[in-house]
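S.K.: Encoded as structure tokens, here's the structure I'll be asking about.
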Amino acid sequence: ENREQAKTNIPGFPTTNITHPNIRFQQTKDTQRDMTRPDGMPIKYHKTDEGEFRSMLDNKKHSHQKHWGLDKLFASHENAHAIFTICAQAVMGATMWVMALDLLGLVERPSIFVLSVLLVLLGYGLFKLNMHLGKPQFFYRGFYNLRHSPVSREIAGVSLFFMGLMAMLVVQILSLDFLLPMAYGVAFFGLVLGSYYMMKLYLIPARAFWNHWQTGTAFYGTMLSLGGLLFAVLLSVFGANPKVLSFVAVVAVVGLVLESIGLVAHKKANQKTGEGQAADFEQTTTFGKTERLRYTLLGVNVLLMFALMFNPNLWLLGIGFLSVLTSVYLGRILFYAVVIPTTMPGAFFWKNDQFKAHAIESGLSDMPQMGVMPQRHHKFDVKALMTVIKQTTLKDAFAQIKSIVNGG
């Protein structure tokens, strides 16, 4: 009543079918046909004849020339996520080989060396992810929302997998073979839970570039290809088994082909939304040469795996492992670098990527009042951790455990 116009959405704000806002915007004047974003993203909002705004590519924001963009990729704060997901998926894939070959009787009991290296790699990935947080001493808070959050479930699943892997190692060290099936069960359950929610947490409408089944083909493809090759490399330290190398190569080809199919479908799906088009434009321009290298390596890797399949030897295994690792890492850092939200987060300066880049390059980010966080990882404050341990009573600890079990 007494309003000329009332709308539930405006360009650049969260889509109403995601947030379901209890708010209306009163607009007394018509807006221009195209609304641009001040954060430098190659995207604009075009008003249709029905008066609704639709996101679309704004390819005039920067040059169409292809660049490597490696300095931006390697300096990205999201590298911690890339390293964690790659480590976790590679270790999960390798662990599947450990369990499968043991159960099939093709390899003797799991090697203490292999399990130890896998634990170190997974631990390193978890450490990098934890240090990415503002206050890593409160890492346990990540479990608080198990009932609703895929992120909490991912953390729980990967932690359970880590415990299962550790149990496998302890069983081998103490020669408690009768407990090995139980350790396998814990590790497998954690693997399934952790890998699924690791994929699920990225399938959100607010991130069009991620919200596609290609995320699953990339993650599980990495488990099949890089995970198998990691296992083969570790196993070959004590001598190569040609039959195992051939099996690993076959499964690696499946993983690489699966990832390639996902990339082709993803390329087409990106054209359906403005955010997807903009992300694809960023990938083919700002990081265009890196994208080409990644696609080239995918093809080369398939050929290397076919060669390893029919001529299993350590040279091909080593070259193939390094090539697949490079391809996976480039693909993963691109995955995090080019995604564009359906909204412009923050104000004109805060969380504005172009302003942040300028502030970091010019040294403005060193001034706290600028509100720009420098691109660096947080230091682990042992003193702060000890303070938390001292201040947490037994009653508080049980209350936190209860909160985790109850899902919030």
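Indices start at 1 and increase along the chain as displayed.
Glycine residues also receive a Cβ, built from the backbone N, Cα and C atoms like all the rest.
TrEMBL does not curate its annotations; it predicts them automatically.
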S.K.: Looking at 1-20, 61-80, I want to know which stretch TrEMBL calls region 'Disordered'.
M.R.: 1-20
S.K.: Can you name the far-off residues of the same chain, 6+ from the ends of the transmembrane segment (244-265), with a Cβ under 8 Å from a Cβ of it?
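M.R.: That would be 97, 101, 106-107, 212-214, 216-218, 220-226, 228-229, 231-232, 235-236, 295, 298, 301-302, 305-306, 308-310, 312-313, 317, 320, 324, 331.
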S.K.: Determine whether the transmembrane segment (155-174) and the transmembrane segment (218-238) share at least three Cβ pairs under 8 Å, counting only pairs 6 or more apart in sequence.
M.R.: no
S.K.: Are there residues at least six beyond either end of the transmembrane segment (316-339) with Cβ under 8 Å to its Cβ atoms? List them, or say none.
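M.R.: Distant Cβ neighbours of the transmembrane segment (316-339) are 69, 72-74, 76, 78-79, 81-82, 85-86, 207, 209-210, 215, 218, 222, 225-226, 229-230, 232-233, 236, 240, 245, 249, 252, 256, 259, 279-280, 282-283, 286-287, 290-291, 293-294, 297-298, 300-301, 304-305, 307-308.
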S.K.: Is it the case that the transmembrane segment (112-134) and the transmembrane segment (82-100) have 3 or more CB pairs under 8 Å, with pairs at least 6 apart in sequence?
M.R.: yes
S.K.: Between the transmembrane segment (82-100) and the stretches 180-198, 218-238, 293-310, work out which stretch tops the count of Cβ pairs under 8 Å.
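M.R.: Answer is 218-238, with the largest number of Cβ pairs below 8 Å.
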